[in-house]
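Data block below; observations after.
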Amino acid sequence: MLKRNKVVLVGAGGVGSSFAYALTIDNSLVHELIIIDLAQDKAKGEVMDLNHGQMFLEKNIKIEFGNYDDCSDADIVVITAGLNQKPGETRLDLVGKNTKIFKEIVTSVVSSGFSGIFVIASNPVDIMTYVTMKYSNFPTHKVIGTGTTLDTSRLRYFLAERFNVNTQNIHSYIMGEHGDSSFATWDETKIAMKSLSEYLAEGKVSDAELDEMHKNVVNAAYEVIKLKGATYYAIGLGIKKIVNAIISDQNLILPISSYINGQYGNFVKDIYIGAPSVVCKDGIKEVLDFTISDRELEKFKISASQLKSYIDKIEF
């Protein structure tokens, strides 16, 4: 008998429901999706709405409202619950409030007997991923955050628009905090087989343009929040990408929130931060400790140190 893959989603807000929708229409290998939320009517409504579209799907998926007991035999628990950014707030402003929420959620999930993989999308995601690891006492490779996957997708979109190519032909990453201290790996960026440094040397793009592009990545969430109140479609797709990489054992490289403990120059230890990593059925197979330029390494140090300063203030 074939194994039935089961995912539990904790949080039926904009991000959670966008992920649930993306997963449902993706024809993935997930067979069962359980949705949990304190706002039970909201969660039940999302379940009903998704189920009413089953006729239009290539493959039906069992979707139900549930509780933490349903986590006991789940392969993956996705957490999107928590307070969202308000206009004018940074992601780091949410640390104290969401840490309290996560303590209750994570301990409830673990109490069910869950032994699968956590995927965290709540902000500030790098810190909430660390909080999940601490409260669950899970191995670090079994706790994953969405990290800078969304930031990287935004960057590749902007680069693709600028160079008039498909996003699949852009090879570049945003690393560091999913937030204001992130940085672009310009020195390693390629458009298909051609390095960005070659375009700069030829005068086909300028450093000023690239700086503006990174500012647009950093400010994207603030702009979307100002216009529509929250971001959820793109991150919903990002979570789905991570979940499918785990379920399908893809060995896919994504800039997720990974546990760093001495990589990239041994300058900061014991944090989660956005770094390209191999995602497989066991979670994080490997954090890719590849060489980045000195100027980018300095930005990574600054970003990591900022996250570490917040983590050190949390009492576990």
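Keep in mind that glycine also has a Cβ here, set from the backbone N, Cα and C atoms.
From the candidate list THR24, THR231, the residue Swiss-Prot records in the substrate site shared with GLN85, ARG91, ASN123, PRO124, VAL125, ASP126, ASP151, THR152, SER153, ARG154 is THR231. The Cα atom of GLN85 (substrate binding site) lies nearest to that of ASN123, taking the binding-site residues VAL15, ALA121, ASN123, HIS171 as the candidates. Closest in space to VAL125 (substrate binding site), of the recorded positions given as VAL15, LYS42, GLY82, HIS171, HIS178, is HIS178, taking the CA atom of each residue. The recorded positions in question are LYS42, ARG156, HIS178, and the one with the fewest Cβ neighbours inside 10 Å is LYS42. Cβ crowding, taken as the number of other Cβ atoms within 10 Å, peaks at ASN123 among the binding-site residues GLN85, ASN123, SER153, THR231.
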